[in-house]
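The block underneath contains the structure these notes are about, expressed in structure tokens.
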Amino acid sequence: MKIAVAGGGSWGSALAHLLAANACDVTLLVRDAVQARRINADHVNPDYLPDVVLHSSVRATVDDAEALDGAGLLLMAVPCQHFRKVLQRLRPLLPPEPVVVCANKGIEVENLCTVSEVVAQELEGTGHTFAMLSGPSFAVEVMRDMPTAVVLGCRDAATGRRLRHIFSYGLFRTYSSTDVRGVELGGAVKNVIAIAAGLADGLGFGHNARAALITRGLAEMSRLGVAMGARASTFMGLSGMGDLVLTCTGDLSRNRQVGLKLAQGMTLEEVTRSMRMVAEGVKTTEAVHTLAARLQVDLPITSAMYDVLHSGKNPRDAVRELMSRELKEE
């Protein structure tokens, strides 16, 4: 199968590598011509994964038409806040009844749309098939063939079973689920909680605080998910609990790094400038905070992170307020 991968960051590159290793014909669509030349000549993505070698059959291009020519599947690994514009640009080049798999994690700030909602709006009338790939998966570990398990959400169970074979190779194992909404929300909301975990660790609050944040963060993810039509059980799986634990504890997590840097006294602007790759959780915090108010869902950790990130609240004050909330049953 020929697959076009849109997004030349670390995750798009790692998935292109995985698919090529699984005997797929992979073209990686990137923004920068210099980056494309380096990938094609040296099999290295110098900007995002400089220390690992891409599969030799991965081809990079900056040309949309070249990437999508003959492709039977489009894999989108583009940051959520730019996702809609890229999909709009690519739509005229898609084949009839396209298969689109998304591997980005976030919620649009402007329209409060999830990834699946953006695809449904932009590909309306195309007869497209949609799936969402999510779970605990640092790109560099996938590149190094370290054991990894993820989940692919697809409303049609038979299609999900077919696609999970395409996205499984070596020590990379893909499960399938029909709960697309749960899979995409777990991947998005966990980034908000990861910022909180990084902040708590950076302030020296200890392991107890981190465990509490992860556990109560999972409750927030589940409450919002159920309010938006997801199954609560999905959040106990790889795209929920799995991704939450990894992102809150692993120092390769960009969102955890945001919290750690804020704890050092950096401003959000300084943190953003210091990071080469996008930390989706900063924008997602704003979107989730607005959704929670609209749906009347209680998300205290998210609310605290919104106040810290977007209202300038002192992080220590935010934590004190969280811990002094009215007592209740778990």
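Just so you know, the numbers here start at 1 and follow the chain as drawn.
Cβ from N, Cα, C; glycine included.
Swiss-Prot names G135, S137, K190, D243, S253, R254, N255 for binding sn-glycerol 3-phosphate. Of K105, K283, the residue it gives for the same site is K105. Its Cβ placed at the centre, W11 (NADPH binding site) has 24 other Cβ atoms within 10 Å. Between the CA atoms of R254 (NADPH binding site) and S137 (sn-glycerol 3-phosphate binding site) there is a gap of 13 Å. Neighbour counts were taken as the number of other C-beta atoms within 10 angstroms of each residue's C-beta; across the binding-site residues R31, K105, K190, R254, the minimum falls on R31. Packing around V278 (NADPH binding site) is summarised by its Cβ count: 19 other Cβ atoms lie within 10 angstroms of its Cβ, all protein chains included. Residues K105, G135, S137, K190, D243, S253, R254, N255, recorded as contacting sn-glycerol 3-phosphate, have a largest CA-CA distance of 15 Å. The Cα of K190 (sn-glycerol 3-phosphate binding site) lies closest to that of K105, out of the binding-site residues S10, K105, V278. Annotation note: K190 (sn-glycerol 3-phosphate binding site) sits in a helical segment as assigned by DSSP.
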